[in-house]
Amino acid sequence: MLRMMGRCLTLILLSSVVILITADTVNLRLVGGHSRCAGRVEVLHRGQWGTVCDDAWDLADAAVVCRELDCGEPVEALGNAHFEPGSGSVWMGYVRCVGSESTLKDCVSGGRDQSFCTHAKDAGVICSEVRLVGGSRCSGRLEILHDQTWMSVCDAVFDQQDAEVVCRELDCGAPVQVLGAAAFDKGDTQMWTQEIQCRGNESQIHLCPTSPSHENNCSHDNDVGLVCTEIINVRLVNGNSPCSGTVEVLHRGQWGTVCDVGWDLADAAVVCRELDCGEPVDALSDAQVVLGSGPIWMNNAMCAGSESTLKRCGSIIWGFQSVCQSKSAGVMCSGVRLVGGSRCSGRLEILHNQTWMSVCDAVFDQQDAEVVCRELDCGAPVQVLGAAAFDKGEAQMWTQEIQCRGNESQIHLCPRSLPHKYNCSHDNNVGLVCADRVNVRLVGGNSRCAGRVEVLHRGQWGTVCDFGWDMPDAAVVCRELDCGEPVDAVGDAYFGPGSGPIWTNPMMCTGSETTLKNCGSLQFFDYDCNHDTDAGVICSEVRLVGGTRCSGRLEILHDQTWMSVCDAVFDQQDAEVVCRELDCGAPVQVLGAAAFDKGDTQMWTQEIQCRGNESHIRMCPASQKHSCSHDDHQALQCADVMHVRLVNGNSPCAGRVEVLHRGQWGTVCHDSWDMPAAAVVCRELDCGEPVDALGLAHFGQGSGPIWMSVLTCSGTESTLKNCGSAGWNKPVCTHNHDAGVICSGHKRSRLADGSNLCSGRLEILHDQTWMSVCDAVFDQQDAEVVCRELDCGAPVQVLGAAAFDKGDTQMWTQEIQCRGNESQISFCSVSSLKHNCTFDNIVGLICSGYTDLRLINGSDTCSGRVELQFLKEWGTVCDACWDMSAASVLCRQLNCGIAVSVVGSDWFGEGSGEIWADVFDCDGNETKLSECSISSWSRAECSHRRDVGVICSGKLILILRPLCY
């Protein structure tokens, strides 16, 4: 017999079940599908899972969901509760992602109040569980998602039928080539070695059977690669060229049309780019195109204009024909383009048989140039250039004589001769410079930079409807006209009613576009508006250059030329007017001697004689001229007033949102109020990150005008005024729907390194820096205020000599002089007297409030209903704002391992007594709950039916036991 040799392993046991959990808190999931990458979309908000309304749900939104869940590319965006109706709240609706966001919560949406949407309209997503890596969208190394892990595929287990399915699933047409031997480089993932046995007609790879694992020796040298054809999903039909006609989209294997509601030049630009058809000439409606047939796949397309494919644009509805009948959208793309210069100048290229060709200068003349400039909406030709003035191209050469009369609308309408036998090379490429005419003007104001907005379209001037007209739209007009910064976006025919067509309704500019025509709009024709609602703009004819928005070298617009101002002709009264015109408050300092560097513009040398109460500098008279040089430039620093505030939240960083406009404070409607909008407010107020975006007058009803409604912030704007909206004073709600915000910086004091939330080393937030407080500057009255601010009852003990350890922050050494009845430390006065303090003198504080926490009614001390002790009384915690981050901190504090789950009262029963906590706002990395923000200690609208419970993984107990075999 062979003698068994005893070999021992050390076995580590845990006192409870070991569960593997990722560190990141998951705020999104797909429910009811065949895998974790398909199903009904559910979002975690305030500790509760809820669904998403399918209004405006599209592939751009689905792309964000798939990316956030690491689930590959989106296959389909579904509505009408395709994966069965959900339950609970409908947390999001009218989601408008651009597709590049990292999380669905970063997308613009209709806000959290979606009570108008039922679960019959729950949105769903199907993501692809295959992807191609290292090539293009439709070529690369194949990877399959299995058990939440992406795996490379062995080339021995994959064949042509499998390739058919993968290309179909990725919407990439048919397979061109299946490649082995790591053709797209070796991956670093695990290897998939099971035989995939597709028949070839399946819609997704997960529907194919697989055999048991092969025992072939597969390494990353055998990674399979795949090249698909990458089919075009859009086409133009019934036009007079391949680049004009009715738009049709391929969806679910069937061609269908696009409704013309919301169809504009931004949408047309995407179609033209996708088809390689040059620039958009016109976005056509039902009156100008042949009516299509089949399903109407898209309605209310919302392209930014930069998307690579029409399918990636936002759309209100996919596939609901009842919404749009007999209204097909069309596109006219330009069959010419100018390359190597600007939009209206460059080397001429013509599209012929789907190929761009350079044009020989011998076959092109002035009449041809008239047509090209007209087709590109670039005014009249300035110069026709030969001899490859814009560099030699590498395209084929066009040598047919072009014989335009000069009045055609497009180059393809011009007759042409047979090909000439010119000896034409790329040295003879023709170039063209067009005038690049302005397509917008301001009419009826007292200068060319103020007035009713009129747009030139199809050779006719028309007005713009004021619904949705806002400051980003005004900014584009002012930029296009070189008129400085926007002062106001006005409506209701402020500059008198116009005449003729109303071309756009409403605009959807981001504010960064170069021309108003590049902005999206819901319609480019007269629609549900009259001239009593014509939009207008007031641009500033002054600007500050070389500094910030409200400081810099002063320049004045005169005769369409920006001019620097001589410091000898400008005084304090003039400065009052300039700062007011720029919406920058009062002047802080008038600076001369080229404080912001010398400019290179002409000089304004006339004496400016403002009284100081004018609204615009152009209203001030001007007298004789002075002699000035560029060393005498005038500069100015204004106060840069705050245009937003938070009211009724007991803190500068929490409360009802109010906006200052035309000298009056007003509120914001909560429709479309979301976290990106809240982020802008918090940033503008220097209040940190947004904790919650609230509606339904959470902080009480305001009064006065409701200045802003239907906000569409991206979250990156510097001020709320720069966000899109329905327009100034265009309310869609009453004050019982006023919006509110809680920002992370709403607390101005905290207690650190104590045993609980209400004891520890005192720290004060000053200039966005937490500072420890010297014990010599702090007394009992100050302690009353801090305990009150933290909702921690009354002070029990004020401790000096760094009783709670020395901090590593800066020191606050100014005398704090509270009376004792203030609600916040920030409301107490401070003396200028400073003390000489070290970290040995840091003050500590014990308040009578919160003292302990526990989990009860569970199977052990590491699971149960969450309870906190406050003012010597135990109470439960509402689940409204409790999440896995807070649970992680609690489990860590109780030495109970990691958080496994957050559960409701049906797990551990309902508690009794007070419901102590509202918003914890933990990021999950804190060691104690006392380090998390808390907004308040009592939440009247929460009941014990919503008591939160937590299950932790359990205390780690190491048991070393020999295991022999």
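Glycine residues also receive a Cβ, built from the backbone N, Cα and C atoms like all the rest.
TrEMBL lists Cys97-Cys107 (among others) with the feature disulfide bond. When secondary structure is read from DSSP and collapsed to three states, Cys97 (disulfide bond) falls in the coil class.
Taken from TrEMBL, the feature disulfide bond applies to Cys154-Cys218 (among others). Neighbours of Cys218 (disulfide bond), defined as other CB atoms within 10 A of its CB across all chains, total 20.
Sequence annotations record features per position, and here TrEMBL assigns disulfide bond to Cys198-Cys208 (among others). In the three-state DSSP assignment, the secondary structure recorded for Cys198 (disulfide bond) is coil. There are 21 other CB atoms within 10 A of the CB of Cys198 (disulfide bond), with all protein chains counted.
Here the Cβ of Cys424 (disulfide bond) has 19 other Cβ atoms within 10 Å, regardless of which shown protein chain they belong to. Residues annotated as disulfide bond in TrEMBL: Cys360-Cys424 (among others).
According to TrEMBL, the feature disulfide bond maps to Cys404-Cys414 (among others). Other Cβ atoms within 10 Å of the Cβ of Cys404 (disulfide bond), summed over all protein chains shown, number 21. Secondary structure at Cys404 (disulfide bond), as computed by DSSP, is coil.
Annotation comment: TrEMBL describes Cys465-Cys529 (among others) as disulfide bond. Secondary structure at Cys465 (disulfide bond), as computed by DSSP, is strand.
Per TrEMBL, the feature disulfide bond maps to Cys478-Cys539 (among others). Other C-beta atoms found within 10 angstroms of the C-beta of Cys478 (disulfide bond) number 24, with every protein chain shown included.
What TrEMBL records for Cys509-Cys519 (among others) is disulfide bond. The Cβ of Cys519 (disulfide bond) has 25 other Cβ atoms within 10 Å, all protein chains considered.
In sequence order, Ile706, Met708, Ser709, Val710, Pro731, Val732, Cys733, His737, Asp738, Ala739 constitute the residues six or more apart from Cys669 (disulfide bond) in its chain with CB-CB distances below 8 Å. In this structure, Cys669 (disulfide bond) is part of a beta strand by DSSP. Here TrEMBL flags Cys669-Cys733 (among others) as disulfide bond.
Taken from TrEMBL, the feature disulfide bond applies to Cys713-Cys723 (among others). According to DSSP, Cys713 (disulfide bond) sits in a coil region rather than a helix or strand.
TrEMBL lists Cys891-Cys952 (among others) with the feature disulfide bond. Following the DSSP three-state reduction, the secondary structure of Cys952 (disulfide bond) is strand. Residues near Cys952 (disulfide bond) in space but far in sequence (CB under 8 A, at least 6 apart, same chain), listed by position: Leu855, Cys862, Ser863, Ala887, Leu890, Cys891, Leu894, Cys896, Gly897, Ile898, Ala899, Val900.
Secondary structure from DSSP puts Cys932 (disulfide bond) in coil. Around Cys932 (disulfide bond), taking its Cβ as the centre, 19 other Cβ atoms fall within 10 Å, counting all chains. Per TrEMBL, disulfide bond is recorded for Cys922-Cys932 (among others).
What TrEMBL records for 28-128 (among others) is domain 'SRCR'.
Residues or ranges marked as domain 'SRCR' in TrEMBL: 130-229 (among others). Sorting the domain 'SRCR' (130-229) by DSSP state (H, G, I as helix; E, B as strand; all else coil) yields 19 helix, 41 strand, 40 coil.
Sequence annotations record features per position, and here TrEMBL assigns domain 'SRCR' to 234-334 (among others). Mean per-residue pLDDT, taken over the domain 'SRCR' (234-334), amounts to 78.
The annotation domain 'SRCR' is assigned in TrEMBL to 336-435 (among others). Remark: secondary structure over the domain 'SRCR' (336-435) totals 19 helix, 41 strand, 40 coil, with classes taken from DSSP.
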Request  = Counting other Cβ atoms within 10 Å, pick out the least crowded of the disulfide-bonded residues Cys360, Cys529, Cys922.
outcome  = Cys529
Helix, strand and coil residues within the domain 'SRCR' (644-744) as assigned by DSSP = 16 helix, 38 strand, 47 coil
Ask   = Does anything in the same chain, at least 6 positions from Cys208 (disulfide bond), have a Cβ under 8 Å from its Cβ, and if so what?
value = Asp162, Val165, Ile196, Gln197, Cys198, Arg199, Glu202
Between Cys519 (disulfide bond) and Cys922 (disulfide bond), the C-alpha gap once rounded to whole angstrom = 40
Ask   = Taking DSSP three-state, what's Cys509 (disulfide bond) in: helix, strand or coil?
value = coil
Ask   = For Cys97 (disulfide bond), what is the tally of other C-beta atoms lying within 10 angstroms of its C-beta?
value = 24
Ask   = What is the one among the disulfide-bonded residues Cys414, Cys465, Cys891 whose Cβ has the most other Cβ atoms less than or equal to 10 Å away?
value = Cys465
Request  = Would you count the other C-beta atoms found within 10 angstroms of the C-beta of Cys713 (disulfide bond) for me?
outcome  = 22
Query = Using DSSP, what's the helix, strand and coil tally for the domain 'SRCR' (28-128)?
reply = 16 helix, 34 strand, 51 coil
Remark   = Neighbouring CB atoms within 10 angstroms of the CB of Cys107 (disulfide bond), all protein chains considered, total 23
Inquiry  = Just to be sure I understand, if DSSP states are collapsed into helix, strand and coil, how many residues of the domain 'SRCR' (440-540) fall in each?
reply    = 16 helix, 40 strand, 45 coil
